[in-house]
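Here's the structure we're looking at; comments come further down.
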Amino acid sequence: MSAFRLWPGLLIMLGSLCHRGSPCGLSTHVEIGHRALEFLQLHNGRVNYRELLLEHQDAYQAGIVFPDCFYPSICKGGKFHDVSESTHWTPFLNASVHYIRENYPLPWEKDTEKLVAFLFGITSHMAADVSWHSLGLEQGFLRTMGAIDFHGSYSEAHSAGDFGGDVLSQFEFNFNYLARRWYVPVKDLLGIYEKLYGRKVITENVIVDCSHIQFLEMYGEMLAVSKLYPTYSTKSPFLVEQFQEYFLGGLDDMAFWSTNIYHLTSFMLENGTSDCNLPENPLFIACGGQQNHTQGSKMQKNDFHRNLTTSLTESVDRNINYTERGVFFSVNSWTPDSMSFIYKALERNIRTMFIGGSQLSQKHVSSPLASYFLSFPYARLGWAMTSADLNQDGHGDLVVGAPGYSRPGHIHIGRVYLIYGNDLGLPPVDLDLDKEAHRILEGFQPSGRFGSALAVLDFNVDGVPDLAVGAPSVGSEQLTYKGAVYVYFGSKQGGMSSSPNITISCQDIYCNLGWTLLAADVNGDSEPDLVIGSPFAPGGGKQKGIVAAFYSGPSLSDKEKLNVEAANWTVRGEEDFSWFGYSLHGVTVDNRTLLLVGSPTWKNASRLGHLLHIRDEKKSLGRVYGYFPPNGQSWFTISGDKAMGKLGTSLSSGHVLMNGTLKQVLLVGAPTYDDVSKVAFLTVTLHQGGATRMYALTSDAQPLLLSTFSGDRRFSRFGGVLHLSDLDDDGLDEIIMAAPLRIADVTSGLIGGEDGRVYVYNGKETTLGDMTGKCKSWITPCPEEKAQYVLISPEASSRFGSSLITVRSKAKNQVVIAAGRSSLGARLSGALHVYSLGSD
């Protein structure tokens, strides 16, 4: 059967089985294992484990997925379900360590090295499953996904998330690192299971047949599963937005915990288990005098499973080769050339049909002035950005966070880069910031994610700007994720302290302090104060969120330790999982500071009470709170009106000309808002296309809705990032809106991938009503039509527009666009693109 004839049937079969879910998927686990290996530094005694794992990728990758091998009913009718279950827990690891130490003393031969690599893969799977499935933990990935997107139903989130993670992985990531053959140490597994159970519980044929099914399932995922992206994106915006970054059980967090368990496994292999505490939950293992974070509790995964049909088996030659102790499975190519050719041809034709081939509008800007990148993968360069004149030379400088930055032995410690501007603006050449940034600050806590948020203010009121940096995952090694904010004092010579002068911490577990930061005058003394948003903080419940402010003042001294519980001003969210503080914005209205706080997953549950069934509540309506501090009561609220819209995800303000009248306006983004598109006489729902509302701001009334903007593609997250700034020196602010997940083709991922766009609207050409709905073309909405510029992503699938900022020099005001998933310098490391608009 050819690959092309297989594809439609496979896609239908996978789609029909998706609602049943599956174990946390093959692709997801393989990606976690790949990332965990990237910065592993593990050379104990006579073994360099990183080199061993790199040499034996065939065994390592097979081991990563193996624990789920016997779950599906296609594997001998599911009779060995319990064997898979036992492979997820510490007793299996303990039995494996003792088996290897008793039978294969160092130095190891190649087959034993493969066994060790296979075991390391299994331990990655063990660690990842605990936080992904919330096994013995609160607020792991799937449990939070259930609370946000499935009315609190863990089982529904489990069903969608396990297989949806694979769909997302295949849609977003390049799996060109996947080994074309896998090795399973069958004879050794028989010995390990006999040691674990004290009797024979499984046969060689069962291990070979069921692990071969896994291998074929991986082939199926590589072939077609990414085409289900629209289905799973519709089901769960949380899955799409938080898959990599979520603090407990996101991809990066699971990779971090994989590296931790690798260190423990190597310790046990070389020293035995006598100096280890081995609770059943593998995330709580401790060796060598380390303290357990908590014993945790073992909970059965109780997975959903999909049954793959034998049609897949018929499509791939049964390439199985036995060795003395194991078996190899092989495939000539993971993605047949015929399929790649077909996809590319279809993509070209559809782009030509709907976009007009390669012709670009004159308003399109496809080439940046310069691009800045990093040479280390997964850094998330540009996750946070701010601009200020740090060295006090009269030119704006760029401050950029890379919270995912890692180097060997130091995972996700994070970095902050300072790039100084001059008469020409920012450096007009491409830069590797690790080599050419003017200043670098580096985090020092394991997986602390230093650089997740930034703010510049004169905190100690000495006339020199200081820098505040958020590190919301500090405490991840203890599973507390309390977070921290570090303040670096500036000097009159234009420099900055090399270590933090002030540390602000939080006592609550899962506080994630420092997720958002803002400089705004809270106490009315005309000096900006430090405002901290923690949307995942308990706030008296679960992820209600808090916003706290510390007043600036000369009494703040060097090396001071502050607790957020003692903040000068604090407000809290209304509901569990409402993420109050997800976005922050400050604006001066009639000489008073208006502080705006976004709570995008607010759902008005408190109003519903027990009058309505939980299924009747509207998920993630979103709400924005407006405060005139120091008053802690909100002056107004703006609430979303459509489920899953997430109003308040982004906020910005400025001055525009509205029908000839100068207006101070507030922009509020609802990036997952469902809008309606009209193509001639056909009406289509644009799921998660995104929308932005523009309000008039006054100090004595509720903001008045003036205009709306809408995206033109499903899932594009139009309005997910907003900014207003005067780009042409006419005294009016241009409106800048990003759609970082926009997909060029109208099939929303069936053919092409993300290309991201940023729209710039001139500040003197705004009108009342629907700005993007009155179109000359036969397709509405038309966000490009009224835009002055449309910035086109220079790189596909890079999340172009994931954040943006403007940097002003004496001569120009430049736009800096982050592409958080760019692979310009290294895989998914992120990049910054600099544009000079309106300054010719």
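Cβ atoms here come from the backbone N, Cα and C positions, even for glycine.
Over in Swiss-Prot, the protein carries these features:
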type     : residues : note
CARBOHYD : N94      : N-linked glycosylation site
CARBOHYD : N271     : N-linked glycosylation site
CARBOHYD : N292     : N-linked glycosylation site
CARBOHYD : N307     : N-linked glycosylation site
CARBOHYD : N321     : N-linked glycosylation site
CARBOHYD : N501     : N-linked glycosylation site
CARBOHYD : N568     : N-linked glycosylation site
CARBOHYD : N591     : N-linked glycosylation site
CARBOHYD : N604     : N-linked glycosylation site
CARBOHYD : N659     : N-linked glycosylation site
REPEAT   : 367-428  : repeat 'FG-GAP 1'
REPEAT   : 436-497  : repeat 'FG-GAP 2'
REPEAT   : 499-559  : repeat 'FG-GAP 3'
REPEAT   : 563-623  : repeat 'FG-GAP 4'
REPEAT   : 633-693  : repeat 'FG-GAP 5'
REPEAT   : 704-770  : repeat 'FG-GAP 6'
REPEAT   : 788-840  : repeat 'FG-GAP 7'
SIGNAL   : 1-23     : signal peptide
Leading contact stretch, 436-497, 499-559, 704-770, 788-840 vs the repeat 'FG-GAP 5' (633-693) - CB distance under 8 Å:
704-770
At a 10 Å cut-off from the C-beta of N271 (N-linked glycosylation site), count the other C-beta atoms across all protein chains.
16
Please report how many Å separate the Cα atom of N321 (N-linked glycosylation site) from that of N94 (N-linked glycosylation site), as a whole number.
29
The repeat 'FG-GAP 2' (436-497): DSSP-derived helix, strand, coil residue counts:
4 helix, 23 strand, 35 coil
Consider the glycosylation sites N271, N501, N568, N591, N659 and say which one has the Cα lying nearest the Cα of N604 (N-linked glycosylation site).
N568
By CA distance, which of the glycosylation sites (N271, N501, N568, N659) lies nearest to N94 (N-linked glycosylation site)?
N271
Any idea what the Cα distance is from N659 (N-linked glycosylation site) over to N568 (N-linked glycosylation site), rounded to a whole Å?
42
Considering only the glycosylation sites N271, N568, N591, which residue has the minimal Cα-Cα separation from N501 (N-linked glycosylation site)?
N568
Counting Cβ atoms within 10 Å of each candidate's own Cβ, which of the glycosylation sites N321, N568, N591 comes out highest?
N568
Looking at the repeat 'FG-GAP 3' (499-559) alone, can you tell me the average pLDDT?
97
Cα-Cα, whole number of Å: N591 (N-linked glycosylation site) versus N568 (N-linked glycosylation site)?
21
Select the most exposed residue of N94, N501, N604, N659, where exposure means the fewest other Cβ atoms within 10 Å, treating these as the glycosylation sites.
N659
Roughly how many angstrom lie between the C-alpha atoms of N271 (N-linked glycosylation site) and N568 (N-linked glycosylation site)?
51
